[in-house]
Every structure is written in structure tokens, then in C-alpha cells.
Ligand SMILES: Nc1ncnc2c1ncn2[C@@H]1O[C@H](COP(=O)(O)OP(=O)(O)OP(=O)(O)O)[C@@H](O)[C@H]1O
Ligand SMILES: [Mg+2]
């Protein structure tokens, strides 16, 4: 289990992480979701003792990272697949990692096998494709057979096959009862990977819920209604739903009532409807809506 | 012990340390051969003369030592190291020890290699190492190499970038210390407190390496040879302590 309490990190004037608290439970994949620059990587670095928080702390199974005796046996992390020396072979890279935590060379060969790099173990890591580098990083995270795993954007730049491989891998790790925290800036990706979501924006917590609940809330249906008696209908609906007007054609957009109830209400009051259509928002649209205020860099709108 | 093994694997599993080591040895021993071949009655070969270019090797080894740290920062493996070994100070001390021991061994290889090749080239010259001055001059090279490696690791840790660290080390060791003597009046007094001058004093004090009048004027050092070595060691280790404190405190 990972517990973050009031984590705060400033880099000069920028507040990268702002009073962030959450818990990550064992036995499921927890997605750590936020737009670019939200503070995901910074938070992970603080959990792993690489960066010192200005305030707050992060505990892993009740201990700070620096208090762990053989850290790789408790926590495995893949923060950046490029953190290898390009002129060192994959096997040598894993060997020094293993040695530092009293892990045998046999285990090195085991994890190489698990991620499918046995055939290229003697090749220099600098010549690896992104997918191979990512696998090497995962092998490193698995070396100590840890109960807690952290992955920072592990599918970034991978092809669909690689993405599916990693996704299944995480599910297996969680099914073993491990704690798995995976960051991403894509809700559509997390929707398929994570059971639980921690959503942050501008370093602040936006939500921590199950993925299912989050998606349901985020994409809750709207209903488009057009009627010659729009004004009257609007008054009738105002009590039980939120009603806005479509900016383009002036149709009513009703939020909080299903199409059947709206139709019944209209009929009971003798109102003619010209359109009554349910609208399902896309995941990404909902995510953007939710994190809109907190996205750090808006693309210049034209 | 484990950490030493870790740093040993790291150091020897890439190619650049091997290149630096080969370069340090061939450059210095090659220069010694060149000198030995060109000595004559006016400028006779001696143990001291055979050692006059060990500085070349020392500079190359300092570059290797600085690289051992800066490449870790450059490629992010320092973060992987701190993840595996959260005790940063221990991890960096282990690295320093491995690099310094290696530098010491290279220093001995360089010194005895230079001596050996000179002896081969001029078998009739008096090349017996039989005074304490001569022993210090030859065998002391390893100690100086090891300590300058410590200093280079400290600079590498503080600066974190290869180009910056190497530039600082080269400019300082090759230019600053010798050029500062050109400042009128006080220049020489400052020089008498500069670390590499003391390293050199340790190696060459009381030896008659150069005939009277050749080379730069002899400085009036505040310490004898072993005092100079202690002073050089204090500066190198002091700088390392500062570097360790900084590395412990700052974000990796
Ligand atoms: N070492 C640093 N020095 C200065 N600012 C930093 C540093 N690391 C991160 N930041 C800033 O902190 C904020 C959060 O960055 P962080 O990398 O944690 O975001 P992220 O959620 O991981 O983003 P991404 O999806 O792009 O990886 C950004 O504004 C970033 O510019
Ligand atoms: Mg990031």
C-alpha cells in the first residue's frame, strides 16, 4: 500500500505538487491520471525518495522509501526507460542492480526471460528500441519480486502489441495481490488498464474513485431537445434537471433526466417535441472538461 | 562490500574507463621512452627524469574519475542507483573508493612502466631505486593518482555535467596552478598553497630530477613531502565531503 499525505513540491516559483493526499491499495491496478505537467512524475519521484517534498510525506507499507533495507525487494519502479547506460549490456545493467540488493544472477536471467529479452541480453541497451527499453525497465522493476510497483507512463510510444502486453502484465501483477500504480495522461488508456483512478490536475487531487464510477460520472448522458415551446419546456425542466442551450442552434441540452422522463413531461403538458436525442460524451471530452481549469498549457485557441 | 562490487560492475561494464586507462599508461610510458632515448651526458637519465611526465597520466585518470560520476548523471543511472541504494552517501563513497583504488593501481603501472622502459632503453644509466627519495618519486605516484581521482569524483559530483567538470579539472590543474605564479610578488606565495603543487612536492621534493636552473623555480613549501601529501589528501577528501553533503541534500 502507498499512502501520500499532504505531498507538496515547489520548483522555484512553480508549484508542481500541491497538498496531494491519496492511498493506493494492493490487489488492483491504480491509474494515476493527469494532463501533461500535472505533477505525476514529481509525485512518483517523491514517493521513491528521489526528490524531497517541501511538505508532507509518502509511505510505502508504512515506511518512508529511505527507511527500506533492500528497497528493490519492496518496491519496483520504472520511471524512465532511458535510465540505462547506452554502452552497457542489458544483462550487466540488471546485474549491478541485482548485486546492490543481494539478488542472485539467476534472478537476472529469470526476469530477462519474463520480459522476453533473453536473446538480446548481451546487447548494449543503447541500441534497444523504445519497446525493448521499456521491457528492460520492467525487468529492473521486477528484479526483487516487489509487492509495490510504480510505472510512469509505461506505454508511451509503444505500438499496440506492446501496449496490450504491458496492460496484461499489470493485471497479472495486481491479481497476485501486488500494489500497482501506473501513470498516464490518457483516460482512454487508463479506462482499459486501471481498476481505480487517482486524477490530478495542476498538482491537486481532482478525484479518487473506481474507474467505472469515474467514467459514469464524467460521461453522464445529456439529452438534446428541440421544441417550438422551448421556453415553456425549459421552465418545466428547471426543477429536476440542469438545462443549457446549444450555442449553435439553440436546442436545449438537458442534464440529469433521461429521454423517457423528458418525453413524458412534455406530453403531460401538451408540448410538441421536434427532437429528443440522447448524447453520450466521449471519455476524452469528459476528461478534458474535468481537468480544463487545471490544465497547465492550453493550446493557443484559433 | 556489496556496494564496492556494484560500482566495480558498473565501471568495468562500459568501455570508456578501459580507454582512459590504456591512454594514461601509453601516453605516460611513451613520453618516458621518448625522454630516455634523448638523454645524454649533459642531461643524464635518472630515476627522477624517468618520472617527469606522470602528470600526463594523472590528468587522464582524473578525466576518467570525473566521467565515472558525470555519465551517471547524464544517463540517469544515478537515479537508478539511488533507488537501489537510498543511502546516497554510501553509494557515492563506494564509487569513490573503487575509482581511487583503480587510479592508484594505474599510477603504479604508469610509474614502474616509465621506469622500466627507461631502464631498457638506457641500460647503462643509474636507474637503481635505492633512496627513499627515489622510492617516493616512483611508488608515490599511485598515491597521488588515487587522491586526484577522489578530487575529480568530488568535482564531478558537484558539477554533474561532463563538459563542465572536465573543463574545470583541466583548466585548473594544467593552467591555473602554474599561471598563478606569474602574478608578481604574491603569485608564488599562493602557489605554495595550491593542491597539485603539493602533490608534486610530495613526489619530487629533495630529488635532483632536473639539473640546477632547468624548469620552473623551486617553491618554498610550508611542509615536507609527507606533509604535502597530507595537505593534498585533506583538500581532496574535504572537497569530497562537501560533494557528498550536496548530493545527499539535493533532488536526484
Ligand atoms: N526538476 C524540475 N525543475 C523544475 N521544474 C520541474 C522539475 N520537474 C518538474 N517540474 C515542473 O513541475 C510540473 C510537474 O511536472 P511533472 O513532470 O511532475 O508532470 P507530469 O504530470 O509527469 O507531466 P507529463 O505527463 O508531461 O509527464 C511541471 O510544471 C514541470 O515543469
Ligand atoms: Mg511525467
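Each residue, glycine too, has its Cβ placed from N, Cα and C.
Residues B:56-75 are the range that TrEMBL records as transmembrane segment, among B:56-75, B:76-95. The stretches the transmembrane segment (B:166-187) and the transmembrane segment (B:18-36) are not in mutual contact, being linked by fewer than three Cβ pairs under 8 Å (pairs 6 or more apart in sequence).
With respect to Cβ pairs under 8 Å, the transmembrane segment (B:56-75) is most closely packed against B:138-159, considering the stretches B:18-36, B:96-118, B:138-159, B:229-247. With Cβ pairs under 8 Å as the measure, the transmembrane segment (B:18-36) is packed most heavily against B:96-118, out of B:96-118, B:138-159, B:229-247.
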